[in-house]
Amino acid sequence: MSAQSFGCDFGTSSIKIYSKESDTIYSEKNMVAIEEKKGMIAYGDEAFDMHEKAPANIDVFYPMSFGTVASITYMQEFLRAFLESHTKGNLKGAEFVIALPTDVQDRVFTTLIQGTGLKSKNVALIDKPVAAGLGLGLDVTQAQGVMLVDVGADTTEISILSLGGTVTSKLIKVGGNKIDEAIANAIRREYGYFIGNKTAEILKNELGYQPGNTTDSREICGRNMALGLPAMLEITADFVANAISEQLKSIVDAIKMILERTPPELGVDIIRNGIFLTGGVANLTGLDDLIAKATNIRVNQVERPEECVARGLARVIKEKEFRSLTFATKEQAYN
């Protein structure tokens with residue numbers, strides 16, 4: 001592939017792009033800030049810093065939702081600015097490999113690339129679970145069952161891989177955002193305090209799932225809804241665990257459902273190799289133990305699980321033997 005080749009993992013919460021030119025994975029929050037009459041004034045981490053703090057004339061939002069593009073215009077503008085900020089030279093004729101989530105139409109992302117005005121040379125797709133498997137350092141082309149659980153911002157995707165493809169998979173609309181929402185709702189019900197999504201995310205990341213742990217806690221700032229004033233509040237790990245238990249149960253139930261559908265011979269491989277937990281929420285304290293206890297299968301700790309897909313895309317770009325795992329959109333193949 002050409003020097004100007006990129007592997008794109010378009011997550012709801014963050015965008016990760018591998019650049020062959022610099023052999024680097026770049027990651028930023030997948031967020032844009034739009035000001036009336038001016039258009040996009042910030043994107044990525046800069047826009048995220050403005051989230052929940054911007055005045056009424058500035059709209060700060062995620063241009064993606066549940067794994068697909070919600071605002072094609074601003075996503076295109078964001079992508080072009082992102083690539084130009086991390087690339088030397090002309091982007092004309094660049095090649096792209098895009099990780100395609102389950103149940104998302106393939107033409108969505110090719111339309112996204114084509115609309116940036118970069119005049120790309122080629123746009124190839126690869127199933128997101130397959131890219132994640134490659135990012136784990138696995139040879140997914142072998143006749144061996146691999147189970148991946150990718151917990152993202154809006155969705156959790158459970159997949160069984162073998163021979164370079166997805167044998168069975170399930171996508172549920174439960175992820176980090178639903179978990180954050182559950183924490184915020186529980187605090188509002190129990191204490192009468194309103195907290196923002198960022199604060200809920202901090203509680204999730206720092207306290208995780210630790211039922212019965214009343215020792216670990218975190219002091220946060222919220223708004224006392226009765227008084228209408230900001231105030232401090234201490235939240236324990238046990239409180240957070242109870243708040244998010246329903247969301248985590250949905251993930252565990254989906255995993256068990258996929259295991260029940262898995263052919264016995266592949267099931268043997270999964271028992272031997274364990275379950276691989278990837279995605280931005282994979283680092284949630286206690287999630288691996290919860291899944292292991294529910295399934296009686298080892299859950300493997302993964303280094304930088306949020307970058308697994310991007311690392312897999314890098315392997316596709318750099319290692320010719322994995323190019324056969326990519327495919328064109330149905331429209332491209334037809335034409």
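Glycine is no exception: its Cβ is also placed from the backbone N, Cα and C atoms.
Predicted automatically and left uncurated, TrEMBL annotations should be read as such.
Taken from TrEMBL, the feature ATP binding site covers Glu201, Ile202, Leu203, Lys204.
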Counting other CB atoms within 10 Å of each candidate's CB, the least crowded of the binding-site residues Ile202, Leu203 is Ile202
Sequence-ordered list of residues in the chain of Glu201 (ATP binding site) that lie 6 or more positions away and have a Cβ within less than 8 Å of its Cβ, or none, is Gly176, Asp180
Same-chain, non-site residues whose Cβ lies within 8 A of the Glu201, Ile202, Leu203, Lys204 Cβ center for ATP are Asp180, Ile183, Lys198, Thr199, Ala200, Asn205, Glu206, Leu207
So Lys204 (ATP binding site), by the Cβ count within 10 Å over all chains shown, scores 21
